[in-house]
Amino acid sequence: MAGTDREKALDAALAQIERQFGKGAVMRMGDRSKEPIEVIPTGSTALDVALGVGGLPRGRVIEVYGPESSGKTTLTLHAVANAQKAGGQVAFVDAEHALDPEYAQKLGVDIDNLILSQPDNGEQALEIVDMLVRSGALDLIVIDSVAALVPRAEIEGEMGDSHVGLQARLMSQALRKITSALNQSKTTAIFINQLREKIGVMFGSPETTTGGRALKFYASVRLDIRRIETLKDGTDAVGNRTRVKVVKNKVAPPFKQAEFDILYGQGISREGGLIDMGVEHGFVRKAGAWYTYEGDQLGQGKENARNFLKDNPDLANEIEKKIKEKLGVGVRPEEPTATESGPDAATAESAPAVPAPATAKVTKAKAAAAKS
């Protein structure tokens, strides 16, 4: 009897909360629709896999940090381009006043439709972020960078004045305000951050990020990006080998790593990453200097194979799909499943689940290799 009374009291309380705050304000977790996590691809298949869900989760706070010239803005611009290609609206809050439109365009960003703000101070920047997020019209907003969100008091004060904790308080207040709105509007916020060193640290890493601790707590994903090697063509440097570590992940297991190439003037080499992962998971075979896919040659040397995949995007998409299907990430909901029933089931089952190998396109690689 007591249990029944408690259940009735709970049901009455739930009903009252719904009347007062609206439907969905409170519910049993089992009543929620089990929808897959929506993501924005990063431009690197290896990083999409390391994130565990196929990309950057929608409606969350993401922090990307690392040393100077490690590829933070490049990685973020690829996410911007992918969000735009999916039909999304993107805003870029350039607090550093350093965004290069030509470089962004080379990475695939539609600069004509990119919403750009170059605020005068940190309060203005975060107020703009808050207003844009609450509009519910954005898919992605980028803040570059946290270190450049200088409080108004610091700008208006004298050089050398002490402003301890101002920026940390500003970030804490802003994140408290926007986190709920991000989730409701399914807007992803990427905060690019810089590294600083703590003085007098004897044990452990002296490195820390700017803006206090609030961003560390509110971020669902934190990415540590580092340049590990310089890529050379002869004696000329043509790019960097980059490693990204997922140091925090609330949507999948953390601490996974991804490596990929960033080419100067071109950004992340998606095709190079596909070749590396294809070899690792057995879809692409390497024999000596030759790379082959399903018995057909892609090219001699990684650079030739990369160029061939770049010229044949359908084949690159096919390899990427097989890799993600094997690893169980990034499966698109619009793909037909074998369990469909009804009048269209026969049609769905007869349609191939994976595109047929592009043998005709692959033969071009043999011809190109023969000429060389």
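Using N, Cα and C of the backbone, Cβ positions are placed for all residues, glycine too.
Keep in mind that what you see is a predicted model, and the values were worked out from it rather than measured.
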Looking at the ranges 296-327, 328-359, which is given as region 'Disordered' in Swiss-Prot?
328-359
Can you list, in sequence order, the residues of the same chain other than GLY66, PRO67, GLU68, SER69, SER70, GLY71, LYS72, THR73 whose CB lies within 8 Å of the CB centroid of the ATP site?
ILE225, ARG227
Within 10 Å of the Cβ of SER69 (ATP binding site), how many other Cβ atoms are there?
10
